[in-house]
Amino acid sequence: MHFCKYNEPINRLSTCRRNLALWLILFYFFYLKLWGIKYVKLYMHMLSPISGNSPKKSYLSFFQEGRDDYDRKYSSFPDALKVKMRGMARDMFYFGYDNYMKFAFPEDELNPIACEGRGPDVLNPSNININDVLGNYSLTLIDALDTLLVLGNVTEFHRAVKLVIDTVSFDKDSTVQVFEANIRILGSLISAHILLTDPRHPFGDIALKDYDNELLHLAHDLAVRLLPAFENTSTGIPYPRVNLKRGVPPDSINETCTAGAGSLLVEFGILSRLIGDSTFEWVARRAVKALWNLRSNETGLLGNVVNIQTGQWVGKQSGLGAGMDSFYEYLLKSYILFGEKEDYRMFSAVYESIQSHLRRGREACNEGDGDPPLYVNVNMFNGQIMNTWIDSLQAFFPGLQVLNGDVENAICLHAFYYAIWKRFGALPERYNWQLQAPDVLFYPLRPELVESTYLLYQATKNPFYLHVGMDILESLEKNTKVRCGYATLHHVVDKSKEDRMESFFLSETCKYLYLLFDEDNPLHKSESKYIFTTEGHVVPIDQRFREKSWEDQFPCEEPNKEPPANISNCERIPEERRYGLPLKSIYMRQIDHMVGLS
């Protein structure tokens, strides 16, 4: 059978047309026989009007019937749903923030069940769970400053800045943890000051009339009050706590965690470069170098608790979570901000040690046989597993892997923490991966999983991560919302609650959720690039932070080992991966099974 040829004689044209018509009829008949009539029904369905009681089903759904459940659930995310989720995240922030301002300010935190404020536990000075964080300095208001800008509320941002300037003083008889005061208070003051005075105006012209660097002066004052922690230590590693009025308490212990002592460099370094005083960066960098020099010669790993006088490791556990997490984070972020090669050299070396000694499971994330990759807690000296739990703080690590360009490993590890979230509707503070059960059951509204979800979405633009954010947002709304805010989950299984809303819920959790669904946010559209501190505060990657008026304080030990000029030159995720699962469904199912999900 042949098709019509344009040069056939006129008297044969009608015969040719009949033959073509017959061929089309036969083709159509066999097509329907082979494939059924559902596509004809689909065509008729598309032509016919939709009745009021008909389900509004996309025609694409007819072609998805053979797809995997994971593909169907996660492979797309409508724009209208994105707008809805952004609104939910905004409402979540304001429900917490407005109630804090109404019922708690000027105290440090909101008790969202009792609708009252919370300050330091003056009757029980040993209650470090409270007193390490609360310093009687309006913590929640200060911590939330730049979130107001991210949400586009310049009016409330100005009002909050004025309240801080008019009411906050650090001349307090409060003993606080150096680490917490640094990341929550100092970091937020610096971030708000930089954004207020940024000549590029990423959030528009937000200049505050008569602003005279008061936030920077407050930050400087606080940093000066934290400096005594670095005095009288034979190693240069700081004491964990100071009294803001009197310095290091006489009964202070000589032990501190690696993250607490080694995660001051970003805030102290920016402050030094803003005011032209090297003191703050010098003490922070000295502490980092002291810890670095105590690492194991065999594994290259550090422990989690050290004696600041003897330099002996009191805690020999090496992992990614509590006591260790932000130490790794700030090695990389310090390099990104300041361009100091030594910072990247240290990060690169410890990252290699982590991959060699902490990582278990198959070699490749998205191919091959074996168990899913997992990072365990090991003895720093020999790499032997010390226990079978991970903690919720470790969920930050996929986000750090994204910054380091290791996106494939980030995808796999993130899927593990998300599977735990799916099972409990929260991340238990500790989860035993061998028993498939929580070891520590509470969840204090931590942001780490949201942070990694946001960064992975920025790296891949895969709608899977929007679904993850929606799951987290809806779980928080369902399980933690109370009369005046959002409460800590005391028990992730029975969902009982504790009357506390930590400040990082507004400064990080809500911020990352909002940014996840806000494609047009100035942070995403600006020509400038930004990075987040470990408390989620926005800092521009600015040339002025790469300039200093003093010589290198700790010269690079390997000056010939050059870091990459741009760590963003990572292996790109193929374009087609944006339209499928970031992790093959067989591996997602394997991870779900690993945490006890059917």
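Backbone N, Cα and C atoms are what each Cβ position is placed from, and that goes for glycine too.
As the structure is a computational prediction, the values presented were derived from the model and not from experiment.
Sequence annotations record features per position, and here TrEMBL assigns transmembrane segment to 20-37. If you look up TrEMBL, you'll see GLU180, GLU429 marked as active site, proton donor. Per TrEMBL, the feature active site maps to ASP325, GLU448. The Ca(2+) binding site annotation in TrEMBL covers THR534.
Structural mapping of features recorded in TrEMBL.
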residue: GLU180; record: active site, proton donor; contacts (Cβ under 8 Å, 6+ apart): ASP132, VAL133
residue: ASP325; record: active site; contacts (Cβ under 8 Å, 6+ apart): ALA259, LEU393, GLN394, PHE396, PHE397, THR534
residue: GLU429; record: active site, proton donor; contacts (Cβ under 8 Å, 6+ apart): ASP391, SER392, PRO438, VAL440, LEU441, PHE442, TYR443, PRO444
residue: GLU448; record: active site; contacts (Cβ under 8 Å, 6+ apart): SER392, LEU393, GLN394, ALA395, PHE396, GLY399, LEU427
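For the residue listed as 'Ca(2+) binding site', the number of other Cβ atoms no farther than 10 Å from its own Cβ, over all displayed protein chains, is 25. Under the three-state DSSP scheme, THR534 (Ca(2+) binding site) falls in the coil class.
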